[in-house]
Amino acid sequence: MSTSRFTLTEERKAHYGRFIRQFRRNQKAMIGLVIIVALFFVAIFAQKITIFDMTIQPFSLTPHEPEATNIQNREESPSLQHLMGTDDLGRDIFSRVLVGARISLYVGFTSISAAMVMGTTIGVVAGYYQGLIDEGLMRAMDAMMSFPPILLALTIVAVLEPSLNNVIIALALVYTPFIARVARSAALSVRNESFVEAAVARGESDTYIIFREVLPNCVGPLLVQASINIAFTMLLEASLSFLGLGVQPPTPSWGLMINQGWAFMGDAPWLVFFPALAIAIAVIGFNLLGDGLRDVLDPKGEIIE
Amino acid sequence: MAFISYLLKRLAFMAITLLLVTLIAFGLTNILPGNVALLILGPNATEESIAALEAQLGLDQPLYLQYIDWVVGLIQGDMGTSLRYGTPVSELIAIRLPRSLLLAISATIVSVTLSIPLGVIAAVRKNTPTDLTASMLAFVGLSLPIFLWGLVFIYVFALTLGGFPTRGYVSPFEDPIAAIHHLILPASAMGVALTAYIMRMTRSSMIDELSEDYVEFARSKGLSERAVVLRHALKNAAIPVITVIAFQFSYAFGGVVVLEEVFSWPGIGRLTLTAIENRDIPLLQGCIIVIALIYMLSNFLADAFYAYVDPRIRYGGEE
């Protein structure tokens, strides 16, 4: 018994090494990764982080206070003083775009992490137990996927009152079924593998089998799905904030900045242009990573978009 | 025969899903804060008048009875009365839905005319700078939210170049020229946003077909490259592409919620947002159900078409 487990880990290690090599060779994945690392850098160093009395992150990339208004300097075009100009309240757009990276990544990662926990649980349980449990869970997931994502998200946010946290809850719920579907089909495909049957024959508990045998084999497709879905949550957050049903002012979310700058687009297009560029760069980063990961992990194309 | 039974099975599944959809829509909208009777009567209403109106509207009933009433009404085409407008929800939707469909269908037409030639060219010139440029543009296209495409089109074609209205809708039955004039920008904005997916699909399925033996055979018969590509390969590559187009239509229909706000297009998307703003629960429920139904139907038709042309799907079971 112990030998069989030993060879399994060895096999996994070799598998992991192969994955790293292929990932490094994949241009799309590497460019995506570079963009994402840069985004994290901007998000972390955008402003000082102070928890209680401790300043964890002592310096700040933002040249101006992102929420400080200055009516005399409103709608200034980009200059050395204000790299991306100022908005209708005289706030420095460059500083706000930098802090916006924080909001965007925060929303993307928290909502998808929550969706991963819920979706993977639902999907693996459905795929492992099959039968009625599977039917019931997957029909519920189908029903949630029968709404256009934006419609479901904005209804949930409207019901809970628009706020940053409620946007995250809504996005997590909207993307749970997508993750659940992938987790289920991955669980189904390993369900009948000999190593799972061996574990059942050894009399291992369901929890052991699910966590030690089934889940590790679902990681690949789930990673691809998560990466693509983070890009989607960023787009959806931007759309919700643009409609005024997302992050609330004065928090500098990119979508909200476009919502507020849109009316001045004719005279001061930079109010919209720079946050839009930021959205595009972030989403392209995650899409590239997702695409590259898919090339490496899922060459047959089983992932749904 | 197998196709019919596949279709019936799918329809049965859809009926169950639809029932769950009504449950979600009803459940969600009933969490919405605010007393409906108080909203109708205004802040000066007495407690008795509120109670009387609640009894009249059936709001004093337990929630599950309200749900059953609502579903029975839905089946009969009765979605209740809008609190904001005071008219039947079904009438409000009947006026606005065709406008949204017009926008979504036009957008799909725009994206098909753009994306299929682009996809074919990219596939034929696989791995050349042309292909790389087209694929990169498609990637950028995928990465911008639909509302941003709307703003880009307004900025470039209405504010900078001029000649197009930035907002509003004109009925094609009243003034066809002005109607098209108002339709061009929103339809193109959404069309371009949809182009990326269809183009990528066309490209990859053309590449698959062009590597098939029959293409080599057609070439060896002495057919021109143009005939080989357009008459043989494209015909076979069309199957997955048509499926993607149907999925894209449903995507477009979801996108109208945001795009209608950008262009002040008075369709069902804006009606939904108005319903949310005014806490108009019956109207919101109606809009949600109708949008979800159309979304489901177009996805269903895409699946059915795919199963019809590709019998492997049917025997593959549910997956």
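Every residue, even glycine, has its Cβ placed from backbone N, Cα and C.
A TrEMBL annotation is a machine prediction, not a hand-curated record.
For the transmembrane segment (B:12-32), same-chain residues at least 6 beyond its ends with a Cβ under 8 Å from one of its own Cβ atoms are 63, 66-67, 70-71, 74, 279, 281, 284-285, 288-289, 292-293, 296, 300. Summarising the annotation, TrEMBL assigns transmembrane segment to B:12-32 (among others).
What TrEMBL lists as domain 'ABC transmembrane type-1' is B:97-306.
For the transmembrane segment (B:101-124), the list of distant contacts is 130-131, 134-135, 138, 172, 183, 186-204, 206-207, 210, 229-230, 234, 241, 245, 248-249, 252-253, 255-256, 259-260, 265, 267, 294: same-chain residues at least six beyond its ends, Cβ to Cβ under 8 Å. Per TrEMBL, the feature transmembrane segment maps to B:101-124 (among others).
Annotation source TrEMBL lists transmembrane segment at B:136-158 (among others).
Through the fold, the transmembrane segment (B:178-199) approaches residues 102-104, 106-112, 114-116, 118-119, 122, 134, 137-139, 141-142, 144, 146, 149-150, 152-154, 157-158, 164-166, 168-172, 241, 244-245, 248, 251-252, 255-256, 259-260, 262-263, 265 of its own chain, all at least 6 residues removed from its boundaries and within a Cβ separation under 8 Å. Annotation comment: TrEMBL describes B:178-199 (among others) as transmembrane segment.
Annotation source TrEMBL lists transmembrane segment at B:241-263 (among others).
The transmembrane segment annotation in TrEMBL covers B:283-309 (among others).
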